[in-house]
Amino acid sequence: MSYSRASRKMMIPILALLLLLNGMSGAFAAVSSSASIPSVKIPPVPFAFKSSPLPNVMVIASGGTLAGKAADQTSFQNYKAGTYLMEDLVKQLPDKNKIADVSVYQFGNKGSGGYTIADLYDLSQVVDEALKLYDGVVVTTGTDTMEEIGYFLDLTVQSEKPVVITGAMRPWDVIGTDAPANLYNAIKLAGSGKTTWFGTVLMLNDMIHAVRDVTKSNAHRMDTFETPIMGALGYIDESEIRIYRAPARALKAGKENWKTPFDLKKIAKKSLPIVGIAYNGQEMSGGAIRGFVADGAKGIVTAGTGAGGISSQMSEARKEAIGKGVIFVTTTRTGSGTMYGGGEGIIAGDSLNAQHARILLILALAFSNDFNTIKGWFEGVGTQEIDGSKLAS
Ligand code: SIN
């Protein structure tokens, strides 16, 4: 599965020439037209970059605060997310020649919460298509649902090449914005190749996190992303990229089981089911669970108190739903900690938070209806545990 940037670069002029002859070139930035993946055309690496020694990084932009336009230069929170086009933002970045040759694909331009799960299916395949041509990909999104978008990519992208997701907490055009710095460092990280085999990583505020473990911890602060208990993978200080830990998955580099079972080419977009999150609280009713079932949910994640506890009313509603074939995953609302055990129709969510567990359950249910298969995926793909005694085998 290894790749050589030099050999790819040698193929680029031939490809670019063929496309030029066909009148298809010149699309440095493209906008995805519809949800239909076969129509995705990733612009080839531009001709001008072919003789450059720099890595080729494609920025796949979807909007968010990073591309936000503020009401004025000091309006940190009064802005319209997803306004500026990435092509223009990349043009404004200084010193790109120190880090990468940068190309752009404008996937969309809106807030992260505006994307559907079906859109993520498209996004994932755009990322994989881009990685057939480019050395690494940066995905820009809003930070609100970056945990979900990042983990969806982590579980579905088939390429081992670097995927870095980034965004910003302040819009592009205010004083003290983090947007250009985050974009710059994300491109630097993707181009460095240092997270090859890591799956998707999140980079904001100079910190590098495994998307499976990271969470948005504050509504406004620029250091909002944290990895509870386990900590960040590393950080970026100017030209230094220091990585001190790897996701457990990286230990399977080059092995067939590095890939997850969730190759989206094997399923139709419409097979991604409804999955809800039911949050427990003091004497919480079973209404949320019954509502999700009425909506047609095939799975429900509970965000329980402490070690995953839910109220007796929720428990009653869960029993009814399990009787109808709904699969449950237990998580904790505390923000960290591992769920163990499970039961009939109930899977322990390990240390996944509720939003991550929901993404895994959506994908698992799209690929299987079998409880034990899905439980196995939570124990294998979802539980990123390291057993040193098995590393050499
Ligand atoms: C969004 O998630 O699109 C808005 C908030 C942000 O980008 O930080």
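Placement of Cβ uses the backbone N, Cα and C atoms for every residue, glycine included.
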Given that TrEMBL lists Thr143, Asp144 as binding substrate, which residue among Ser103, Ser112, Ser192 does it place in the same site? Ser112
How big is the Cα-to-Cα gap, in Å, between Thr65 (active site, O-isoaspartyl threonine intermediate) and Ser112 (substrate binding site)? 9
Neighbour count (Cβ, 10 Å) for Thr143 (substrate binding site): 25
Sparsest Cβ environment (other Cβ within 10 Å) among recorded positions Thr65, Ser112 belongs to Ser112
Looking only at the domain 'L-asparaginase N-terminal' (56-247), mean pLDDT returns 98
With DSSP as the reference, give the number of residues of the domain 'Asparaginase/glutaminase C-terminal' (275-378) in helix, strand and coil. 43 helix, 26 strand, 35 coil
List, in sequence order, the residues of the same chain other than Ser112, Thr143, Asp144 whose Cβ lies within 8 Å of the centroid of the Cβ atoms of the recorded substrate site. Gly64, Thr65, Gly111, Gly113, Thr141, Gly142, Thr145, Met146, Gly167, Lys216
